[in-house]
Amino acid sequence: MVEGGIAPIDRTELTEFFRTVWKTPYILRLALTAGIGGLLFGYDTGVISGALLYIRDDFESVDKHTWLQELIVSMAVGAAIFGAAIGAWMNDSMGRKKTILTADMLFFLGSIVMAAAPVPAVIVVGRVFVGLGVGMASMTAPLYISEASPARIRGALISMNGLLITFGQFLSYCINLIFTKVPGTWRWMLGVAGIPPIVQIILMLSLPESPRWLYKQNKIAEATEALAKIYTADEVEKELELLKTSIEESEAVEASIGNNFFSKFKSAMKNTAVRRALLAGVTVQIVQQFVGINTVMYYSPSIMQLAGYASKVVALGLSLVTAGLNCVGSIISLLFVDRYVFYNSAQHAPDIDNFESNHFGSNTTCSAYISVPDTSKWNCMTCLKKKCGFCSSAGDEGGQHRVWYDKGCPSKLGFLAVILLAAYIIVYSPGMGTVPWIVNAEVYPLKYRGFGGGVAAMSNWSANLVVSMTFLSLTQALGSSGTFLLYAGCSFIGLIAIYFVVPETKELPLEAIEKMLVKGFRPWPLKRKEKENTDVVSA
């Protein structure tokens, strides 16, 4: 998964959440309305995985060129990087509400463009519009929720936005499965995404702007009116004072470190604690992507085909397992599990029947197969490497129920891909799925927190782009097992990097974290060696 994550909620905050929304339903309405942006974020990043199977059928150029498939998938991620930057600017200059409405228009436009696309290039253009919307929504939806909700349940409401992202991805797989038998298949899959933004536009028009933004624009009366909808009369005055203090502190920070990226970056590089915090924050975000989790989310049905499930419907149905468990992936499963399935599928690929192959005739048999004098050592995997396909009769003597394999080979081990991908996602959740966002929320000194979090999120998107843009090419160059072995290697390197550069922040106050970063973080055995040297000097 990308930007956001799902923050943990303690029992007290959860109890307070239910008590507050029961008493003031308006708060839940506000959070759910803004959370539609998270739903769209999840849907548009997940729907392409299934739609791609059918886009390949309609456009021969997409089926033949792996780079074009990767471009269609990853263009939304690339555009999201720019969308996040544009969203950050719009949030300050135009307000959170108008930014969400702009993202909705981009979502809607992108969905219509993709659904009506006559050529693959138009699908790419539609993905750009959707990606811009994703980037803007990922920045703005949690910001709007946090600023327009009571502080005591803010964490729970922001986590709900994260859950909606996950639900959006699961929903996209369900929608994909529903439209597999409908004429137009992928056009419906992509076009349905145009409905939620219309709903959000209608609902958002009746909601106020963020109280914080209104107050900062000196619209005190409107800010007071917005606060009155979520706080009691006694609490409104207190919240206004807190807003005033917070904005004054924010303006003081801008005066000290600047209000643009370059001035903030220059100031951050002069600060030892911030440099080390950025190293830790960026490292965990890059590792989160390089363990390969988004290959599962963006290419899950294709992975099922590589594992030996030729049917698109079956591949999509099995992918629901990974989508349903989507709290993101795991280092350990990648290292010991996924590559084993694909390696064994390749090693035990069924052999070629020479008589059956020639029976089809020279016009339908792979030209590479015909031109080779000795084909006794050929099997299904050899055919696929030669850009041909394999026709399996599934043990049927009459050959009436043949299945065509052109992505992966039939294998008795294919079911393991489903089980182990599910395990991969389950064990990822408590670690790399959540911790990078927690680290980035805690590790930066207060006045650099917004800047540090932005840089780390941009690193996450950029690493996501690299992974999504190269996965299919890697499977062609290295094979499926080799590709997952590469991700396992990245996981191992990431494990070492995290151990040495990311400090433990559990139960430490923010001031203590900053002091630790200034002093320098040294894990075992460096910490132990340092202690021994100190003992020698003391003696």
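Note: Cβ is positioned from N, Cα and C throughout, glycine not excepted.
Under the heading domain 'Major facilitator superfamily (MFS) profile', TrEMBL lists 30-506.
Taken from TrEMBL, the feature transmembrane segment applies to 26-55 (among others).
The transmembrane segment annotation in TrEMBL covers 67-89 (among others).
Per TrEMBL, the feature transmembrane segment maps to 101-119 (among others). Residues 37, 40, 44, 59, 83, 87, 90, 94, 125-133, 136-137, 140, 187-188, 190-194, 196-198, 200-201, 204 of the same chain lie 6+ residues outside the transmembrane segment (101-119) yet bring a C-beta within less than 8 angstroms of a C-beta in it.
As annotated by TrEMBL, transmembrane segment applies to 125-145 (among others). Same-chain residues lying 6 or more positions outside the transmembrane segment (125-145) and placing a CB less than 8 Å from one of its CB atoms are 2-4, 30-31, 34-35, 37-38, 40-41, 44-45, 48, 72, 75-88, 90-91, 96-97, 99-100, 102-104, 106-107, 109-115, 117, 154, 157-158, 160-162, 190, 193, 197, 210, 457, 461.
Residues or ranges marked as transmembrane segment by TrEMBL: 157-179 (among others).
Within the same chain, residues 29-30, 33-34, 36-37, 39-40, 43-44, 47-48, 50-55, 58, 97, 100-101, 103-105, 107-108, 110-112, 114-117, 126, 130, 133, 148, 172, 175-176, 179 sit at least 6 positions outside the transmembrane segment (185-207) and bring their C-beta atoms closer than 8 Å to a C-beta of that stretch. According to TrEMBL, the transmembrane segment annotation covers 185-207 (among others).
Beyond the transmembrane segment (273-293), the same-chain residues lying 6 or more positions past its ends with a Cβ under 8 Å from any Cβ of the stretch are 1-2, 328-331, 334, 425, 428, 432-433, 435-436, 439-440, 443-445, 448, 452-453, 455-457, 459-460, 463-464, 466-467, 471, 484, 487, 490-491, 494-495, 497-498, 501-503, 514, 517-518, 520-521. Under the heading transmembrane segment, TrEMBL lists 273-293 (among others).
Residues or ranges marked as transmembrane segment in TrEMBL: 313-337 (among others).
TrEMBL lists 413-431 (among others) with the feature transmembrane segment.
Remote same-chain partners of the transmembrane segment (451-472), defined as residues 6 or more beyond its termini with a Cβ less than 8 Å from a stretch Cβ, comprise 2-3, 66, 69-71, 73-74, 77-78, 80-81, 84-85, 88, 135, 138, 257, 261, 264-265, 268, 274, 277-278, 281-282, 284-286, 288-290, 292, 294-295, 298-299, 302, 436, 440-441, 443-444, 483. Per TrEMBL, the feature transmembrane segment maps to 451-472 (among others).
Per TrEMBL, the feature transmembrane segment maps to 484-502 (among others).
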The transmembrane segment (67-89) and the transmembrane segment (26-55) contact flag, 3+ Cβ pairs under 8 angstroms: yes
